[in-house]
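A short worksheet on the structure shown next.
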Amino acid sequence: MNRAFHTGAIAWACAAFLSVSFGADPRAAAAVGAFMLLAAIAVRKRLPLWLCAATVAFGLSLVWLALHSSLTFSAAARFEGVSVDLRGLVIERVEYGDYARLTLIAEDGPLPSGIRVSVGAPGALDVSPGDVVEWELITDRPDAASRAKLYADAIGLEASMAGAPRLVGKRPNDWRVLFARYRDAAASHITRYLTGPEGGVLAAMATGRSELIAADLRADYARSGLSHLLAVSGLHLTVFAGLFDALLSIVRCGRRMRAAAGLTAVLLFMLMTGCTLSVVRAAVMAVICRTALLLGRDSDTLNSLGFALIVILLQNPYAIFSTGLQLSYLATMGIAACADPACAWCARWIWRMDARSLRRLHPFGYAALLAFSTSVCAGVFTAPVLCFAFGQLSLVAPVANVLAAPFVTPALAGGLLCGLLGFIPPLDVVARACALAGGASIRVINTIASWWGALPFASVPVRAGLVTLWMGACILGGALLAANRAPYAVRIYAASLAVVALLSGMLAHAIAWGPTMELAVSQSGTSVALACGGQGAVIGEPESVSDAQNLAAFLKDSGVKRISLYAVREDGALFSNRTHALSKILPVDTAFGLDRTHGFAAELPGARISAEGKDAESISIEMGGLRIVKTFDQIPAAADVLINARGQIVVAPGVMLKTTARYYNCEILTLRRTGAAALDVIPHAAARLTEGTP
């Protein structure tokens, strides 16, 4: 079958991804795209359909990317790194403990009308969705990768407060505000009826408010490969549509009537969950499927998937940089293309019969095998993105997903019904019953996640870009070999070559970098965590509960069971809720404030931590022949690497440093000395800031 939309979508996505990643000039890219379109039109009769579709899609993608950028985000880019007076409508507020993240749509003022601005603010700030405010802000100047991520979420600018907002009006009936308030209210209904960790997980599954989940439970879900359940996705839409269809079938609605009503339900769910890209992808596919049902036609899953991706990229070409969309698209493609063949292959090898016979003779065995094959195929196709985005790969995900699958539907059903019925006071008892029913299923899923996530081999850290590229190349090569029905000997040779390539690359990387060490710097730059030989240390008080949880997650994944040393600037910080959040996840052996000591020195395996004098304004970390200094002010210090009070990272000559902000919402530093440079006071003017720092 010729799948023109499927092939075209892959080409469209690749064109947008490559053009933005390599920083191509939009006008030059548009010229290349126009040339490809003309070439495809000129030789269309000589090209096979798939190649013609790929060429046209690639060219259109480049042209549309340039046009879309000039009409939308290019205007906002001129306001990066400056102070602006914004007048805008608050359409969403997400709480993260001590602080909140607000999304505003610019109206009158210097910013282009309609541009979305994301603002970090204290949690106590009295601003809510529906407020029209005037606000003095300082916009950030992100690097290219961070900018693409912002644009993927349709955010034009990210900013911080320069003054207090002034309320100038209210617009509570805006449709975006109404749906944002619905999500907040539905989440509060669930957590009111269902307290404890189950309530936070159920609220996340039903409304997407995942910030309510504790960091240790979130880590268990990630290690067991169940974290996809915590984000609203196509799975949730499928369950919602299935529930709606079941209710209509109870009242004996016809097949076509159910299909038509299902279209409305799909669109409603998309709006209720904030139009996340994975839900939009599933919604477009569901609309195609149900429209085909109404017309009495069959729909092809891969073509529908490709059409959905093209629709999303037409609306926002930068959406290809959304991790959620990448995972959703690749998982669906893996399931659609490989789940049934993998199930049939396993049936032949395990039960010695074809899949149809197995389904007829052993229906439960077939269902379990199909669920396992589905999980494996989705996991294989999404593995490179998971490693690149989250730095770890779950080895127990196929088994954990099969065990959790029977409980997902009742949990989602209970959460969705509780969130809706909570708006009707006479049905309060029914809403509570739905929450309890969903909570019972969530408790089982939490147990599965905690048990499998606690296994020492549950997941492996994979943060090297080389390994991620290798995995992607292996998946692409395997797909090509399978599509061309390569002989057994060719597949063996290909597998051997892949292993040799991986080992050679790892050896070359080890020779180039040698012994390295890692530190985690919190988003705000107020605290630093390091792990040495199974022992951990945290320098500086985290700025928020979220920062504390992220640093603890880094230490746990580095094999730390207890924090050996916790040093803060002031002794009073030892009693803050941030410190409590940190010690709740990992017990602290020794904690003190620098204002109560006259210097200290501590030894960890492979590291020495020290400070001099009373009320010390800096702490020195010596490890691997390097001296890293964390200061609580802006005064330069003698160091190989200096982390100042603003979170800026300054590197001395002769030190090799890699940074990444993809994991734990922290800046992860990988360090190695490359020369015998003597320690010196690093002047601020001569220092360079690493990419990705605040």
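Here the Cβ of each residue, glycine as well, is placed from N, Cα and C on the backbone.
Those TrEMBL annotations? Automatic predictions, nothing curated.
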Transmembrane segment range according to TrEMBL, out of 7-27, 301-321: 301-321
Touch test for the transmembrane segment (464-483) and the transmembrane segment (228-251), at least 3 Cβ pairs under 8 Å: no
Surrounding residues of the transmembrane segment (403-423) on its own chain - C-beta under 8 Å, 6+ positions past either end: 185-187, 189-190, 192-194, 202-203, 205-207, 226, 229, 235-236, 239-240, 242-243, 371, 430-432, 434-439, 441-442, 444-445, 448-449
